[in-house]
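A.B. asks: Below you'll find the structure I mean.
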Amino acid sequence: MPRRKSLRSQLLINGIDKSLLSDDSADSSDIDEEEVYGVWTEEPFQKEAGRSYYRSLKKNDVIYRVGDDITVHDGDSSFYLGVICKLYEKAIDKHSGKKYVEAIWYSRAYAKRMEIKPEYLLPDRHINEVYVSCGRDENLTSCIIEHCNVYSEAEFFSKFPAGIPTKRKDLFPCNFFIRRGVHLKVNKYTEPLDWSYYAHNLERIEDLLVEMEENLRPTKKKSGSRGRGRPRKYPLPNVESKESSSKVNSKDENFDLQDDSESSEDNLTIQPQTPRRRHKRSRHNSSNLASTPKRNGYKQPLQITPLPIRMLSLEEFQGSPHRKARAMLHVASVPSTLQCRDNEFSTIFSNLESAIEEETGACLYISGTPGTGKTATVHEVIWNLQELSREGQLPEFSFCEINGMRVTSANQAYSILWESLTGERVTPIHAMDLLDNRFTHASPNRSSCVVLMDELDQLVTHNQKVLYNFFNWPSLPHSRLIVVAVANTMDLPERILSNRISSRLGLSRVPFEPYTHTQLEIIIAARLEAVRDDDVFSSDAIRFAARKVAAVSGDARRALDICRRASELAENKNGKVTPGLIHQAISEMTASPLQKVLRNLSFMQKVFLCAIVNRMRRSGFAESYVYEVLEEAERLLRVMTTPDAEAKFGELILRRPEFGYVLSSLSENGVLYLENKSSRNARVRLAIADDEIKLAFRGDSELAGIA
């Protein structure tokens, strides 16, 4: 399999390490707050409104100061760039150790958000260019990844005359330059600026942002008639929109962002106009009528899942060998090469490459149990195809990922796809009409679009209209839509989907078998290649973890989590990971907080969850109606073998309204999703894996005969 050329930033810290929180409150002292949030290097210089402000923070032996340029993990396998403007802690969080950072964001010239509409792009943008923006917000210091270097244009090219090629993993993701500012809400840029004047000087950066807000913000029309006095003068902002800048020839060295229509004068005079004749007023007094309230038309953008980013080298990582190992073993980190999936990679790559080259639509169905590398393999294929597209060996294409576990309803998939294609946020019904019109009509400028529909099981509805549309659009002659469906069930099309949908999937199917213990050993050893000389893991420990996981599920993610937890245990004992520590980590993971919550549920809550699982397996749908689950619960209680089953069943019949409280409590605890709490026809589905419920209720004496 070819090695990916694209580089992605290293995610050393993914928020709070979840394995640190896997035990109960008695073990809370094991949480290393210094590792997660860092420590202050000095006393606060200011206290105001319940906050204490500091000038520097030490985290993982690295000092971060106000004015430093950093990369920040965004919580979804990607990263942002910004400059630190504030470091502080809140009085209410002082005992928890939480510390906060406020950053002014930089927007990358080749980021996804900058490639929404081609007419908004600058013709001379560079792969290492970032723009200073007006956006800023608050984040936990646990999200800080590392320092980065942001130069002016002259400094950058004096240091790197030929630029930084993407193959330089040690330089490419952490060196950038700034020559313009951007206001993303109005799609306007500033004139070229010398960033060396602003670098590491927050006062000058703040003045620049104020000037950008004044000059780049959208103009608002003023109501009322204009007087006959002196003509008003409106100063022209010294900026230009993206639309006008895209019309300038990129080969011109004297590239100017000002519009050609601007003259040398600073002000533009607008002559007064004759006011229109006033219409005859109504008899009703307008002061007695209630005015219609104005509605804010802004819509929060949908959460579109980005591709995971490639890790950097750990040569300069400040930390112990065990910390390096845990960073490499994290499920969010992406290795340099994908192990043990060469055949599946080649099949998926050839299918997508041929569809993009021929500019045709296609459907591909990928199935396999959780943790077998389905999504990771598709991401690997997409990154290689994008690299070929950037090199000009493949036509341009767009990529959109829709995760069934991250949408509240299946119809939201329409809005996500439309927003990914156009950048416009519309309702699901409107988006469906727009997409149908787009894919049924030809367009000479349309490029191919690859849609990854992950967790397809969660997008199955009773009428199956969403899946039918997504699998039918690729068959249209002008759609150029390529749908890659990923599900955990191999026979999902035959068992659940109707014949009209199954026929559109065709014979393009790629099954993923569970990993064997040999493959799991290879995967773990490849992750630990960077710390092999430190002798952190023994070969017997890796072999023991691989065999334990392969005997149960073959889930690579579970194997990596077990090894990470064993590394923490070994670091506390100043030793290396042994089979005994692997066994201890496995025992702790089976006693996770989720398992404890499920085991401590009431009898009625347990019966309801068992009924949902049975209903899912019987119907094949992730969603069920409340009345269907109630009927399933009654059926389960009839077959119970416990001595007091009849008494409990009678209580259920007499006090059936209690299920309303059961539903509310399970929904509030995040165990299930509930559409409408007050209706028996409401739809309900699990918010956790059904395997967690089976593991928690196995051996429960109250549920004998049904669980």
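Keep in mind that glycine also has a Cβ here, set from the backbone N, Cα and C atoms.
Residues annotated as domain 'BAH' in Swiss-Prot: 62-193. Look at Swiss-Prot and you will find 216-302 tagged as region 'Disordered'. Summarising the annotation, Swiss-Prot assigns compositional bias 'Basic residues' to 218-233, 275-284. If you look up Swiss-Prot, you'll see 240-254 marked as compositional bias 'Basic and acidic residues'. Here Swiss-Prot flags 255-265 as compositional bias 'Acidic residues'. The phosphoserine annotation in Swiss-Prot covers Ser291, Ser320. According to Swiss-Prot, the phosphothreonine annotation covers Thr292. Annotation source Swiss-Prot lists ATP binding site at Val334, Gly368, Thr369, Pro370, Gly371, Thr372, Gly373, Lys374, Thr375, Ala376, Glu455, Asn488, Arg557. Under the heading Mg(2+) binding site, Swiss-Prot lists Asp454, Glu455, citing similarity to another entry as support.
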A.B. asks: What are the helix, strand and coil residue counts for the domain 'BAH' (62-193) according to DSSP?
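C.D. replies: Counting residues per DSSP class in the domain 'BAH' (62-193), I get 23 helix, 61 strand, 48 coil.
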A.B. asks: Go through Asp454, Glu455, the listed binding-site residues, and name the one with the sparsest Cβ surroundings, counting other Cβ atoms within 10 Å.
C.D. replies: Glu455
A.B. asks: Tell me which of the binding-site residues Val334, Gly371, Asp454, Glu455, Arg557 ends up closest to Ser320 (phosphoserine) in space, Cα to Cα.
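C.D. replies: For Ser320 (phosphoserine), the closest Cα among Val334, Gly371, Asp454, Glu455, Arg557 is found at Val334.
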A.B. asks: As a test of the contact definition, list every same-chain residue at least 6 positions from Thr369 (ATP binding site) whose Cβ is closer than 8 Å to its Cβ.
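C.D. replies: In sequence order, the residues whose Cβ lies under 8 Å from that of Thr369 (ATP binding site) (at least 6 apart) are Asn488, Phe512, Pro514, Ser553, Gly554, Asp555.
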A.B. asks: Which value in Å gives the longest Cα to Cα span across the ATP site residues Val334, Gly368, Thr369, Pro370, Gly371, Thr372, Gly373, Lys374, Thr375, Ala376, Glu455, Asn488, Arg557 as recorded?
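C.D. replies: Overall maximum Cα spacing for these binding residues reaches 21 Å.
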A.B. asks: Report, as a single number, how many Cβ atoms besides its own are within 10 Å of the Cβ of Arg557 (ATP binding site).
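C.D. replies: Total other Cβ atoms inside 10 Å, all chains included: 15.
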A.B. asks: Averaging the per-residue pLDDT over the domain 'BAH' (62-193), what integer do you get?
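C.D. replies: The predicted confidence over the domain 'BAH' (62-193), as a mean pLDDT, is 83.
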A.B. asks: What count of other C-beta atoms do you get within 10 angstroms of the C-beta of Thr375 (ATP binding site), across all chains shown?
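C.D. replies: Cβ-Cβ neighbours of Thr375 (ATP binding site) within 10 Å number 19.
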